[in-house]
């Protein structure tokens, strides 16, 4: 529209002024037509119209808003060096642009450069950085920038505070949300409805709906009009507690106060009805929703399917899915998730396989859920089949899912397949972490493949992954069980853990004590046991049982009895293994005595 009017002006012979050019440049930038925007800037020069600061910063802002912050900032440099007066607006556009591109180092450099060139950073300058760090989850840096801003005499505001509160809420730090809200409120900073809404949401999600309701009333007492977001938070809070009657009351009040419920509000209610197994109510709500002009979306259908499954209405969920005119990835994924939640892993797997045969894959979240569910059930063959289909389709899940698959394979002793998955990850540049490496080593040790475990240990270190105390414990335990007499390799590992300043734990000492006891080296076992105590570690029943076993094998039942008594005094109850070891020791002594 603006472009058409501009062209009409030119046809009519009207000469655009600097303000008209600036508006046109802004219009082109909004539509990502940067060539045309720069063309207008050059036209200004030809026509003898001198651009003002607003014109220049409009171009900078346009570039920065659309992912071209580096170019925008480069132009800022060039124009500033040419004597163009760039104000805070131009610098702020660059800061905001870099933050949206997650280039925080560059954004902070802009802030510093502002000051070097005599442009005083304002609350917007700092606020853009704080908001960027909050969106990235870097709360500590956000606080640092905030405190720096305040120390330089800039006042914080409700927009900045809302960014911080929202970040805390996303991290699940409900107590901190409330504490900081209270601190800011007590300091006299004006907090708007958005700030109140974040705190209400945090309280509702943590089950403190009555407290949220009190804050809601306080907000109304300050003449802030609650909107659909505030009401939806309260409805969600009651739904999470299963208090559907109270949720409906808030829903009715919401409508009476003129805050029209949106699709999010309806989705929350539909999900709550479905989770409670209220099939007719769920259907009625859907019909009412449509009647009110709110169109159900894929999230609505997904929420209902997953909710019905959680509410034990799997057949109804299937019927709902089958009754849909169009089945999208979201709804099919919801059915896979629902099956997994309801412990219908076989059905989830069957649906996944049938869909994959037609070239359809459910979303990554559902794939991860299915893979993890199969691993937890020990159904490694099906888990491997899912893995292979996804792998062949270039669908990459997060490392935690792969770690669970490797762990499941190791648990059943299928080290060949575990290594296949492990190597497949490495082949695609996904480096398994120390936990997965240790899981593999433990699997090898249990399968008496100590050499493979040792080789993997050295490979791990070459990849720059630092072994932890669990890694060393696994290798020492494996080495002792495979070759009890070979203490050299165990001593080498002990020396290494000492050099690396890794703190040994109770399990580490227990493994060493057990190893020495099994080769009748009771003196060294006792030294290690005492060292454990000196380090402030508390031996558990397993550690005591290892030493009791050592004394029993030597026929020293007096010391074995003393240890069992010591256990009891310390409140460590002997378990069945302790009793079995002690009983075997007593029988051994009786046999020896009867022969004499």
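Using the three backbone atoms N, Cα and C, a Cβ is placed for every residue, glycine included.
Keep in mind that TrEMBL annotations are predicted by a computer and have not been checked by a curator.
The repeat 'PPR' annotation in TrEMBL covers 17-51 (among others).
Proximity of distant same-chain residues to the repeat 'PPR' (52-86), defined by a Cβ-Cβ separation under 8 Å and at least 6 residues beyond the stretch ends, is recorded for 18, 21-22, 25-26, 28-30, 32, 34, 37-38, 41, 44, 93-94, 96-98, 100-101, 103, 106, 110, 117, 119. Annotation comment: TrEMBL describes 52-86 (among others) as repeat 'PPR'.
For the repeat 'PPR' (87-121), the list of distant contacts is 53-54, 56-57, 60-61, 63-65, 67-70, 72-73, 76, 80, 128-129, 131-133, 135-136, 138, 141, 149, 154: same-chain residues at least six beyond its ends, Cβ to Cβ under 8 Å. Residues annotated as repeat 'PPR' in TrEMBL: 87-121 (among others).
TrEMBL lists 122-156 (among others) with the feature repeat 'PPR'. In the predicted model, the repeat 'PPR' (122-156) shows an average pLDDT of 95.
For 192-226 (among others), the entry in TrEMBL reads repeat 'PPR'. Remote same-chain residues near the repeat 'PPR' (192-226) are listed as 158, 161-162, 165-166, 168-169, 174, 177-178, 181, 184, 233-234, 236-238, 240-241, 243, 246, 257, 259 (criterion: CB distance under 8 Å, separation of at least six residues from the stretch ends).
Long-range contacts of the repeat 'PPR' (227-261) within the same chain, counting only residues at least 6 positions beyond its ends with a Cβ under 8 Å from a Cβ of the stretch, are 193, 196-197, 200-201, 203-205, 207-209, 212-213, 216, 219, 268-269, 271-273, 276, 278, 292, 294. Positions annotated as repeat 'PPR' by TrEMBL: 227-261 (among others).
Using DSSP to sort the residues of the repeat 'PPR' (262-296) gives these counts of helix, strand and coil: 26 helix, 0 strand, 9 coil. Residues annotated as repeat 'PPR' in TrEMBL: 262-296 (among others).
Under the heading repeat 'PPR', TrEMBL lists 398-432 (among others).
The repeat 'PPR' annotation in TrEMBL covers 433-467 (among others). If one looks beyond the repeat 'PPR' (433-467) by at least 6 residues along the same chain, the residues whose Cβ comes under 8 Å of a Cβ in the stretch are 399, 402-403, 406-407, 409-411, 413, 415, 418-419, 422, 474-475, 477-479, 481-483, 500, 502.
What TrEMBL lists as repeat 'PPR' is 505-539 (among others).
Look at TrEMBL and you will find 540-574 (among others) tagged as repeat 'PPR'. Counting residue by residue with DSSP, the repeat 'PPR' (540-574) contains 26 helix, 0 strand, 9 coil.
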Cβ contacts under 8 Å made by the repeat 'PPR' (262-296) with residues that lie 6+ beyond its boundaries: 228, 231-232, 235-236, 239, 242, 244, 247-248, 251, 254, 303-308, 310-313, 316
